[in-house]
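Before any comments, here is the structure.
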Amino acid sequence: MNMHDLTTVESFSEEDVLHKIRLAEEFKNGKTIELTRPVYAMNLFFENSTRTHTSFEMAESRLGMRLLEFEAKTSSVTKGESLLDTVKTIDAIQTDIAVIRHPQNDYYKQLLEADLNISIVNGGDGSGQHPSQSLLDMMTIYQEFNHFDGLKIAIAGDIAHSRVARSNAMLLNKLGAEVYFAGPEAWMAEDLKAYGTFLPIDELVEKVDVMMLLRIQNERISQDTAIKFEPHEYLQEYGLTFERADRMQPTAIIMHPAPVNRGTEIESSLVDGEKSRIFKQMTNGMYMRMAILTDVLEAKGLIKGGLH
């Protein structure tokens, strides 16, 4: 698989996923690489981010890359410059890799068609794809169960507006897992019906191996269609309460891509509880992003001696 760019999980095979997990685990165990020359990366985030942004920064730093600063609010984007021209600019100064998060779905397609030398890594596009989050989630699940086939995975919350739901549902299907969705009926996306079954959360808690919660994506919900919930009301109706968590299987785990709205989609203390793998996901995220970037570097011939 050509990893010059990583923009979507659509073309990933099971072997591609397992390769990424193995490589991430190697970095976790102390693997290092040597670059053939100074490598320059830039993270262009047009939406707010804590985990993805800092995780990529840490991954780039650990791999010995040189990071160029970019702030959307102080860039020429505020003067009307298009995303394409912004990326063509940083390509012109010979930046090697751009990690981009953008509110527009499929923003990366125009960049891939522009015949640029710079590699594009998708840090999240609107409600479309979030490949690095999906891969770190697969790593977390694999660490727990050592397989995907036949696992029952519930994705619960604001499904319609979630790029994590789309990427994970798509990838989990390819890996042989059974996917279920839960949440307000108005937020059940039609395009995801091909990937899983929609059921009330009370029907799912006892049967699933993984309960993956999602926050309400207020920034993507138009005001005229917004469903208004008080946090406690939403928790009781659609979230993971103590009572529901008590009914989960002994080996089942709780996941969340974060940020977590404690007391809304999940009881606060469950975030730090025995079943939670939420902060483990974040640690895995750094190593998985090292793996993602390493495959890009390898495709560009920038690793001394190649990847072994």
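Glycine too: its Cβ is placed from the backbone N, Cα and C atoms.
The carbamoyl phosphate binding site annotation in Swiss-Prot covers ARG51, THR52, ARG101, HIS130, GLN133, ALA258, PRO259, and the record cites sequence analysis as its basis. The L-aspartate binding site annotation in Swiss-Prot covers LYS79, ARG163, ARG215.
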Distance in Å spanning the most remote Cα pair of LYS79, ARG163, ARG215, given for L-aspartate: 33
Rounded inter-Cα distance in Å - ARG51 (carbamoyl phosphate binding site), ARG215 (L-aspartate binding site): 15
Cα within 10 Å of HIS130 (carbamoyl phosphate binding site) - qualifying binding-site residues among LYS79, ARG163, ARG215: ARG163
Three-state secondary structure, which DSSP defines for HIS130 (carbamoyl phosphate binding site): coil
Fewest Cβ neighbours within 10 Å, where candidates are the binding-site residues LYS79, ARG215: LYS79
ARG215 (L-aspartate binding site) and ALA258 (carbamoyl phosphate binding site), distance between Cα atoms, whole Å: 7
Pairwise Cα distance for THR52 (carbamoyl phosphate binding site)/ARG163 (L-aspartate binding site) [Å, integer]: 13
Cβ-centroid neighbours of carbamoyl phosphate site ARG51, THR52, ARG101, HIS130, GLN133, ALA258, PRO259, 8 Å, sequence order: SER49, THR50, GLY123, GLY124, VAL164, PRO257
For PRO259 (carbamoyl phosphate binding site): intrachain residues, at least 6 apart, with Cβ closer than 8 Å: THR50, ARG51, ARG215
THR52 (carbamoyl phosphate binding site), number of other Cβ atoms within 10 Å: 23
GLN133 (carbamoyl phosphate binding site) and ARG163 (L-aspartate binding site), distance between Cα atoms, whole Å: 9
Nonlocal residues around GLN133 (carbamoyl phosphate binding site), in sequence order (Cβ under 8 Å, 6 or more apart): THR52, GLY124, ARG163, VAL164, SER167, ASN168, PRO257, GLY285
Rounded Cα-Cα span from ARG101 (carbamoyl phosphate binding site) to LYS79 (L-aspartate binding site), Å: 19
